[in-house]
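According to TrEMBL, the protein has these features:
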TRANSMEM  38-58  transmembrane segment
TRANSMEM  91-110  transmembrane segment
TRANSMEM  130-150  transmembrane segment
TRANSMEM  157-175  transmembrane segment
TRANSMEM  181-199  transmembrane segment
TRANSMEM  211-230  transmembrane segment
TRANSMEM  279-300  transmembrane segment
TRANSMEM  360-382  transmembrane segment
TRANSMEM  388-407  transmembrane segment
TRANSMEM  419-436  transmembrane segment
TRANSMEM  458-477  transmembrane segment
Amino acid sequence: MATPKPEEISHPPMDQLQGLEYCIDSNPSWVESIVLGFQHYILALGTAVMIPSFLVPLMGGTDDDKVRVVQTLLFVEGINTLLQTLFGTRLPTVIGGSYAFMVPIISIIHDSSLTTIEDPHLRFLSTMRAVQGAMIVASSIQIILGFSQLWGICSRFFSPLGMVPVIALAGFGLFDRGFPVVGHCVEIGIPMLILFVVFSQYLKNFHTRELPILERFALLISTTVIWAYAHLLTASGAYKHRPDLTQHNCRTDRANLISSAPWIKIPYPLEWGAPTFDAGHAFGMMAAVLVSLIESTGAYKAASRLASATPPPAHVLSRGIGWQGIGILLNGLFGTLTGSSVSVENVGLLGSTRVGSRRVIQISAGFMIFFSMLGKFGALFASIPFPIFAALYCVLFGLVASVGLSFLQFTNMNSMRNLFITGVALFLGFSVPEYFREYSSKALHGPTHTRAGWFDDFLNTIFFSSPTVALIVAVFLDNTLDYKDSAKDRGMPWWAKFRTFNGDGRNEEFYTLPFNLNRFFPPR
């Protein structure tokens, strides 16, 4: 057997991924774009329904309140997505509800000044206003860090090596929302997982009029099939004598969204009343805003790869964070019950469909706004059982994580220094949040438990986030361990040309503002 040539056993680093059909500024046909946009809307429904479904009952809210929160959250998600794709990073990213805000919000819900309110509806409104006030104040963190370019300056300390654990854990760190939720109803979750993988991977070469229809629309087709199957099981009485938890996760008629939703309802600012402000609540919420910033930074880097764009320069990244801060301000004004960050699952869908078009995401934002106003129709799609979404997450979160690992190609992984940093950052990114979760589930409070509740919320929120822990560890080690002699090993020569807007000619194509706005906001 002939000795293989070096080029046959190694793969040179590549700025852009192979096999993507449409990049950030190329678009499928309008019909295909609309269907793909609807897919992104369906996927965004999972988080938009899960978060209010968990939090609203804790606040004393009813099914009617839950529906209004879901509608408001989707409406603001649509606005924030349009703002981000037009004026922010301009990457094809859906800006959705974030789980990073759960710790401070739950802390506000359990505040003694609110739990003593006897009337459930009044307690719901009072809690909502307290959350709104905290979010409005905390949004200033991202607005300041973004528009002042401070976050762009900070990002200059990031190397490809330092970003690997952050981007990877933006996907891997969400493992508890994958198969553990599929396991709540395996009879629909596992078939959904298998069907989605078969359509998107094994049958991806099936073409109709030169369109890979099963690969491109795998999410929509498999969701429709399994949703119909779940409805058949529900109608046939398969869950009639099963435990309440099983019925809640498996039945298609337990969400109580369609019956509670109005036909037409337009969300508006201060719908729940005037926000209330408390310094302790706001300080805890600031930690969630920082976590959202870090998680979104990793997701933006992944989205740029899956859209065949260059990594966003520091100026563009900072601009996007500033607009994300505006988005969190809108979350607070409208009362969405949670802040916003980049939707990781929708980033993964870019890779699954191989379509990274900005137009598709803007169309999905239109669907979010439209169906949030037409309550009955939006509630119909929002009644899809959670295990169906969780099955999709198993694939899409993993895809985003693998994009993070792909940044290793620009580094020297034969270096013990790099192996140490990558391994320790990944392990602690998994292990520290898991410790905080286990401790909280047993003790009913986080490991940080002092008389200063705002301090507890701040630290517990930071260390509940896998990407945040990974960034703290990886960036610190990467910039302190032999960093002067390790620029090439860290991948800095490859990264250098992407750090400024003018460093790569392609940046203008991908990130220039529309409507000739660059005259007023020149890139740096």
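Backbone N, Cα and C define each Cβ position, glycine as well.
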Does the structure show the transmembrane segment (419-436) and the transmembrane segment (360-382) touching, where I'm treating 3 or more Cβ pairs under 8 angstroms (sequence separation 6 or more) as a contact?
no
With the cut-off at Cβ under 8 Å and a gap of six or more residues from its ends, the chain residues touching the transmembrane segment (388-407) are 17, 43, 45-46, 50, 160-161, 163-172, 174-175, 177-182, 184, 188-190, 192-193, 196-197, 200, 219, 223, 226-227, 230, 298-299, 301-302, 305-306, 344-345, 347-349, 351-352, 491
Long-range CB partners for the transmembrane segment (360-382) (under 8 A, at least six residues beyond its ends), listed in sequence order, are 27-28, 33-34, 36-42, 44-45, 48-49, 67, 70-72, 74-75, 77-79, 81-82, 85-86, 92-94, 255, 257-258, 260-267, 346
Original post:
For the transmembrane segment (157-175) and the transmembrane segment (91-110), does the number of C-beta pairs under 8 Å, pairs 6 or more apart in sequence, reach 3 or more?
Top reply: no
